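*Asks:* Reproduced below are the annotations present in Swiss-Prot:
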ACT_SITE  Glu216  active site, proton donor
ACT_SITE  Lys353  active site, proton acceptor
BINDING   His164, Glu173, Glu301, Asp328, Ser380, His381, Arg382, Ser383, Lys404  substrate binding site
BINDING   Asp251, Glu301, Asp328  Mg(2+) binding site
Amino acid sequence: MAITIVSVRARQIFDSRGNPTVEADVKLSDGYLARAAVPRGASTGIYEALELRDGGSDYLGKGVSKAVENVNIIIGPALVGKDPTDQVGIDNFMVQQLDGTVNEWGWCKQKLGANAILAVSLAVCKAGAHVKGIPLYKHVANLAGNKNLVLPVPAFNVINGGSHAGNKLAMQEFMILPVGASSFKEAMKMGAEVYHHLKSVIKKKYGQDATNVGDEGGFAPNIQENKEGLELLKTAIAKAGYTGKVVIGMDVAASEFYGSDKTYDLNFKEENNNGSQKISGDVLKDLYKSFVTEYPIVSIEDPFDQDDWEHYAKLTSEIGVKVQIVGDDLLVTNPKRVEKAIKEKACNALLLKVNQIGSVTESIEAVKMSKRAGWGVMASHRSGETEDTFIADLSVGLATGQIKTGAPCRSERLAKYNQLLRIEEELGAEAVYAGANFRTPVEPY
């Protein structure tokens, strides 16, 4: 007898920021229960699929009871009797038939909510792996038609600024990538050691308070100069003895400080802001180029506003060979926006966030499209996370080559890194760590 879905239930749980989010349980006819929870971002791109929130005064408007109800009343009953291994069929059914809402960038999930659809999509994927009797990462690889499993290079967000932190720093994330490690296990060692050295460097320079951690486990010292963040990383990497082996990545999240006057305000968090730090896209572009010359930077994410295609393309053509230019708010994991960016040569790497697009199938499509264009792919958490580890398996199964899921601190971040350690151990001699090939770990599939 074929194993089928017998029930789908959702509930409201809490993310790592104490805000409500959606968790779904998919129960199968053999008694197996697959469970998945969705994350939520702080700096969200305006083109992301619609996340349904209740509004009103409960939970300060952030409740998800409507999304939960949509799973329990609309999606759940409609999936009973379906084959959990048919990921594409189930995702398309939810997105195109049960929801059916469309905007200029495709299926926008406005009726049921991307958070409702995704929770079920992730749980169905876990259920499908169970039915096939294979680990989740292998099931994901099979769904994508990928033959090569690869452990990603972790990009640890160790200094927080932007919308993630209460300091004056405009740029949102300063990351370390252990590209010189020979395994994921060694990469974790390097990352953790640099993190602890960074903590003592910051404590010595700015005092104990500066070592409090932000939403993603990174430190948020009260510095204003973005260059100072890079300097701290360089020092910590050297103190740990990993110069040349651990390199730097940045997530600028520039949409957060882009004004209607088309300037970028590096002073946007200052209360008495007199506009003295407002700069043009060209000046900002040259600032990045100076950073790249002075520091071992291999990756810059969201360097410009999500609609500033012109400066994205300029930066990519000028430094794209040496540095990956990652589209997050620009692309929002949306296949149509990825297509546009490929055509306009706007960037050369995709940030993969399943909750930006709202289904496993569409996420896989965005990744395949990116890889065929010769781009890099970085799987990513959100700042409001849960203990769910789906993205760890997703990253290995799709051979993204890179993953960012916070600092080596805070359990909702370590949950993903620890899962990757388990996967590497399980693969044994077959385990491949992306290392220096993090931008193109496998041939396109």
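Placement of Cβ uses the backbone N, Cα and C atoms for every residue, glycine included.
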*Asks:* Are any of Glu216, Asp251, Asp328, Lys353 (the recorded positions) within 10 Å of Arg382 (substrate binding site) when you go C-alpha to C-alpha, and if so which?
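*Replies:* The recorded positions close to Arg382 (substrate binding site) (Cα within 10 Å), listed in sequence order, are Glu216, Lys353.
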*Asks:* Using only C-alpha positions, which one of Glu216, Asp251, Asp328, Lys353 is spatially nearest Ser380 (substrate binding site)? These are the recorded positions in the record.
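*Replies:* Comparing Cα positions, the closest of these recorded positions turns out to be Lys353.
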*Asks:* Which residues in the same chain, at least 6 apart in sequence, have a Cβ under 8 Å from the Cβ of Lys404 (substrate binding site)?
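*Replies:* Correct list: Pro154, Ala155, Phe156, Asn157, Glu173, Met175, Gly249, Asp251, Met378, Ala379, Ser380, His381.
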*Asks:* State, in Å as a whole number, the widest CA to CA span among the substrate-binding residues His164, Glu173, Glu301, Asp328, Ser380, His381, Arg382, Ser383, Lys404 given in the record.
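*Replies:* For the residues that bind substrate, the greatest Cα distance is 16 Å.
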*Asks:* For a quick check of packing: other C-beta atoms within 10 Å of the C-beta of Arg382 (substrate binding site), how many?
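*Replies:* The Cβ of Arg382 (substrate binding site) has 25 Cβ neighbours within 10 Å.
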*Asks:* How big is the Cα-to-Cα gap, in Å, between Glu301 (substrate binding site) and the residue listed as 'active site, proton acceptor'?
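*Replies:* Answer for this pair: 13 Å between alpha carbons.
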*Asks:* Closest of the recorded positions to the residue listed as 'active site, proton acceptor', Cα to Cα, picking from His164, Glu216, Asp328?
*Replies:* Asp328
*Asks:* C-alpha of Asp328 (Mg(2+) binding site) to C-alpha of the residue listed as 'active site, proton donor': distance in Å?
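*Replies:* Pair distance, Cα basis, whole Å: 17 Å.
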*Asks:* Starting from the substrate site formed by His164, Glu173, Glu301, Asp328, Ser380, His381, Arg382, Ser383, Lys404, give every other residue of that chain whose CB sits within 8 Å of the mean position of their CB atoms, in sequence order.
*Replies:* Gly41, Asn157, Gln172, Glu216, Asp251, Leu351, Lys353
*Asks:* Going by DSSP, is His164 (substrate binding site) sitting in a helix, a strand, or coil?
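*Replies:* His164 (substrate binding site) sits in a helix per DSSP.
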*Asks:* Take the Cβ of Glu301 (substrate binding site) and count every other Cβ within 10 Å, whichever protein chain it belongs to.
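*Replies:* For Glu301 (substrate binding site), the 10 Å Cβ neighbour count is 28.
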*Asks:* Measuring Cα to Cα, how many angstrom lie between the residue listed as 'active site, proton donor' and His164 (substrate binding site)?
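*Replies:* Rounded to a whole number, the Cα-Cα distance is 8 Å.
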*Asks:* Could you check what DSSP calls Arg382 (substrate binding site) once collapsed to helix, strand or coil?
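*Replies:* SS state of Arg382 (substrate binding site) = coil.
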*Asks:* Other than its own, how many Cβ atoms are within 10 Å of the Cβ belonging to Asp251 (Mg(2+) binding site)?
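*Replies:* Step by step: centre on the Cβ of Asp251 (Mg(2+) binding site), count other Cβ atoms within 10 Å, giving 28.
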*Asks:* Can you tell which of Glu216, Asp328 has the least company, meaning the fewest other C-beta atoms within 10 angstroms of its C-beta, among these recorded positions?
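*Replies:* If we count Cβ atoms within 10 Å for the recorded positions Glu216, Asp328, the smallest count is at Asp328.
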